[in-house]
Amino acid sequence: MSQNKVILNYDGQSFEYPVVESTIGDRGIDISKLRDQTGLITLDLGYKNTGATVSEITYLDGDQGELYYRGYPIEQIAEKSNFTEVMYLLLHGELPNKEQFDNFETGIKKYNFVADEMKRLIDVFPRSAHPMGVLSSLTSALTAFNPKAVNVNSKEDLDHAAEMLIAKFSHLCAWTYRKRMGFPINHGDNSLNYVENFYRMCFRRPNEEFVMNPVVVEALDKLLILHADHEQNCSTSTVRMVGSAHTGLFASVSAGISALWGPLHGGANQAVIEMLEMIEQDGGDVAKYVEKAKNKDDNFRLMGFGHRVYKSFDPRATIIKKAADDLLNAMGINDKALDIAMQLERVALEDDYFVSRKLYPNVDFYSGIIYRALGIPTEMFTVMFALGRLPGWISQWKEMRLKGDPIGRPRQVYQGAQKRDYIDIVNR
Ligand code: SDX
């Protein structure tokens, strides 16, 4: 392979393809002329080796366990920043100065309410409805109240749409919680910051004064930061794919919510707690469940373990694990699930099956421990993931539209029937 190009020998000919350079990490072979020149396409199930785009937003190194938001290491961001600032950073590419931060926060607060008709919409859902199904429906319904597809040629329109969705989405997430609990909904309070406002909308009881707990707000803020973006994961790729058809921002995000719901993706945080509770109810025998996870004939998987990209510790899991420990100590909570999670991690990471496959705890392994300590019910965990990932989805959608990425339309290798003539039913 000569400098910055790749040579493909096929059918007695040689074809050259340029290598697209990166700032850091994977470089890509530009195969945009492959099919025209060779008649071949590539096949890569799950896109494990395939880049879908060129992006400047988030970088992660799965081997080193590194994650950068616009170049800033997640460890520094999690320690020093706050979720509103991280939303600005992802959307605009730079950390805001004081004036930019204040304008951004004010821009979000301008939309800090949701149309009354949306309340009637949420009332028709059964209380038993899974919050992710409610959230996806409500987000799509926002399009009905904001029918103008986003004018991406206007920076003002794009920024307003982003600030509007960020403001209203926190209401929809809080309202799905209130619906699930059978509580009356709360409206926003512009005297509070974004995370305080969300926390109050979730937990304020109509019959008592709401007391803001800074320990809870800080834990929520950190969790939302850690979930804010993760380059081309399944749900973000869904938002990009839907948006590539020039579908509106709200409807694109609604599709991303559905992708995130899957237990192999964001739904894993709910599945982890359900797994830990099952192990606890079964006597806490973690070794038994590690063996089950290794057994090919058993479809049980260690939820919260493994990752498509991280082949070492997910840096977010490391931060969340410490935050969980600190929070439970600060709140004086002794959660058996945390003990079981730590035992499970220790047993798995000493077992060759996991070590050889480079399966480590991911972002979902410990996050549920914190959500549970904050009084958030298990079925709401993925809604929390969605609230955190919202700025990432919007930033990636914005980048895709501004860069003019073409409509996504992959090809296939067809292995179905050869051409054949129709047979009338009487002759079959
Ligand atoms: C998220 O992409 C992102 O960035 C996602 C995310 C984000 O921020 O957006 O990080 C959030 O989705 C985290 C992942 C949450 N999902 C889970 O915790 C579910 C459990 N994990 C797995 O299902 C799995 O690890 C995936 C889905 C996460 C990754 O699957 P891959 O990359 O397709 O890997 P694979 O299924 O091909 O597994 C490789 C091998 C297989 O064994 P062999 O066939 O080689 O013998 O590892 C085994 C798998 O059976 N394996 C597991 C396992 N995960 C993989 N075995 C037991 N338990 C597991 N959890």
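Even glycines carry a Cβ here, placed using N, Cα and C.
Feature annotations, reproduced from TrEMBL:
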- His307: active site (ACT_SITE)
- Asp364: active site (ACT_SITE)
Cβ contacts of Asp364 (active site) (under 8 Å, same chain, 6 or more positions away): Gly266, Ala268, Asn269, Ala271, Val272, Met303, Gly304, Phe385
Spatial neighbours of His307 (active site) that are distant in sequence (at least 6 apart) but have CB under 8 A: Gly62, Asp314, Tyr360, Asn362
Where His307 (active site) falls in three-state DSSP terms: coil
Structural state of Asp364 (active site), classified by DSSP into three states: helix
